[in-house]
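Feature annotations, reproduced from TrEMBL:
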type     : residues : note
TRANSMEM : 6-24     : transmembrane segment
TRANSMEM : 36-55    : transmembrane segment
TRANSMEM : 61-79    : transmembrane segment
TRANSMEM : 100-121  : transmembrane segment
TRANSMEM : 133-150  : transmembrane segment
TRANSMEM : 171-188  : transmembrane segment
TRANSMEM : 200-219  : transmembrane segment
TRANSMEM : 226-248  : transmembrane segment
TRANSMEM : 268-287  : transmembrane segment
TRANSMEM : 330-350  : transmembrane segment
TRANSMEM : 370-388  : transmembrane segment
TRANSMEM : 394-415  : transmembrane segment
Amino acid sequence: MLQVFALLNNVALLTLLRYTFCSHSVNDASRNLKSYLASLALDYVFIVLPTLLIFTVLSEWLYECTVGLFLLTILSSVLKRTYNLPYTEGPNAVRASISTYRVVTMFITCLCILAVDFRIYPREFAKTETYGTGLMDLGVGSFVLMNAVTSRQARNISSPMSRWKAAVRSTIPLLLLGFARLVSTLSLDYQVHVGEYGVNWNFFFTLAGVSILTSIINVPAKYSGILGAAILVGYQSWLSNGLSVYLLSNERGMDIISRNKEGIFSLFGYWGMYLIGVQVSYYLFFENRPTTQRSKHETRIRVCLLSIVFWILTLLIDRHVERISRRMCNLAYVIWVTAQNLQLLAWRFLADNVVGSKVLALERAFDRNLLASFLVANLLTGLVNLSVDTIFVSAAGAVLILLAYSLTLCVVMIIQQLPTRLAELKECAQADCCQESRSVATRGNWNCLKYTASSRDKENHGSQKEELNWSKMTLEINMSGPSSECSAEGIIDLRTMSSDEVDPIQQLEKEVVTYVRFKF
């Protein structure tokens with residue numbers, strides 16, 4: 001458990017370190033195509049490449065890497081205090097944190113499914129046979145929790161009809177992918193470990209089964225944890241009274257349940273995990289939507305405290321009830337996976353205390369196509385295994401193959417998302433604000449830029465149905481010589497029509513918040 005804890009912390013620290021690195025002109029991927037590509041290259045160098053090395057050839061120095069990255073992140077953040085960006089607040093901040101957590105989980109999964117086939121990947125990081133914890137044991141459980149955290153059920157926005165439509169849209173693709181994987185592995189005689197899910201079962205069938213069970217028995221998000229806990233306690237009691245012996249045995253009958261006993265019976269554990277994840281997500285993010293700095297601070301505290309609570313429960317259950325077993329998805333496994341995922345979320349929320357850009361270009365490329373990235377990773381993994389006898393590849397050869405694999409995966413996802421990104425860049429280039437920013441940036445290096453706003457007839461703002469005419473944005477730059485110091489004033493353009501019910505100034509203060517900060 002300590003190894004997996006350190007491995008996840010390493011990836012989180014690499015992400016935080018990337019946030020603090022480089023200037024705003026490179027971190028800001030929305031400026032132009034050149035900045036976007038530069039940001040992607042830095043994301044790969046700072047996150048993908050070191051993670052690959054830590055998971056393979058640097059695994060013997062795992063804890064040293066963790067301590068070094070932690071100290072380096074703190075040092076980099078302290079040195080960057082002079083370069084400060086306004087922090088994202090409210091629902092957008094929560095959305096960014098959840099997106100980063102999902103992308104990091106997907107990235108680790110995609111990297112490990114191929115790395116495990118090489119000898120440079122430590123065996124203790126691979127999936128366990130019966131009891132224990134390896135890095136890859138987190139895979140399917142983390143996917144279930146990811147779906148729970150972002151589900152419509154957690155957000156309390158689903159009606160019965162929309163719930164069934166969403167269930168059909170999500171279940172049918174998973175079933176098709178499950179059958180496609182089954183047919184492809186049988187036709188290609190691809191190696192499949194029967195003890196993982198069973199003879200005919202696979203990962204996609206598990207996700208589809210959880211979706212079907214959740215649609216059939218749907219409870220409000222604030223009560224889903226109670227149902228999930230009841231399911232997990234009942235399932236654990238069944239395991240403790242003989243079911244675990246049956247699931248871990250190698251004896252199989254000819255019926256479909258016996259041939260796929262691990263996958264079918266573990267559905268109870270994954271279903272309980274999903275319901276627990278729904279209530280945790282609702283409690284953290286959607287019960288009181290964070291719209292202020294105080295509520296966001298409370299959300300950060302809640303995530304950290306919940307992570308600690310689940311870690312304590314993990315140690316107690318693993319010691320006194322039953323050891324962690326991914327193969328059965330027992331109670332200890334569910335609590336352990338939840339603790340690890342909350343740990344990743346806690347790191348991401350702590351990133352708001354780190355100075356630097358908060359959204360990475362590589363995150364955007366993967367976040368919009370998580371399922372597609374997983375499918376591409378599986379196809380590339382199958383292609384490598386069919387082309388190379390991975391068990392006999394040298395360490396240097398394995399590293400080169402993994403580098404090529406990770407780079408290909410990133411390039412495919414970037415190309416898939418590039419048309420959308422180019423459209424966004426074009427739209428930004430045509431915006432007046434971007435044009436003003438470029439016109440100012442070409443005038444020289446400024447140390448300060450001050451904005452002031454003025455309103456015509458401000459003293460009559462309380463009258464009803466009054467039109468507020470705020471003069472058009474202008475920039476007046478006064479150079480003070482070669483020292484690059486300057487003073488500047490800008491007038492903000494804002495028009496609105498007041499209504500009979502709401503005072504216009506109060507309406508503006510409620511709906512409009514503008515942050516302006518420059519550093520050239």
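Glycine is no exception: its Cβ is also placed from the backbone N, Cα and C atoms.
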Lying 6 or more residues past either end of the transmembrane segment (394-415) yet within Cβ distance under 8 Å of it, the residues of that chain are 40, 44, 48-49, 52-53, 56-57, 110-111, 114-115, 118-120, 362, 365-366, 369, 372-373, 376-377, 380-381, 384, 388
Of the listed stretches 100-121, 133-150, 370-388, which one has the most C-beta pairs under 8 A with the transmembrane segment (330-350)?
133-150
Which sequence positions outside the transmembrane segment (370-388), separated from its termini by at least 6 residues, show Cβ-Cβ distances below 8 Å to it?
102-103, 106, 109-110, 113-114, 117, 146, 173, 177, 181, 184, 188, 190-191, 401, 405, 408-409, 412-413, 416
For the transmembrane segment (100-121), sequence-distant contacts whose Cβ falls under 8 Å of one of its Cβ atoms, 6 or more beyond its ends:
8, 11-12, 15, 47-48, 51-52, 55-57, 135-136, 138-139, 142-143, 146, 149-150, 341, 344-345, 348, 351, 360, 362-363, 366-367, 370, 373-374, 377-378, 380-381, 384-385, 390-391, 393, 395, 398-399, 401-402, 405-406, 409
So which residues does the transmembrane segment (200-219) touch in its own chain, when a touch means Cβ under 8 Å and the partner is 6 or more beyond its ends?
139-140, 143-144, 147, 153, 158, 160, 163-164, 167, 170-171, 174-175, 177-178, 181-182, 227, 256, 259-260, 262-264, 266-267, 270-271, 274-275
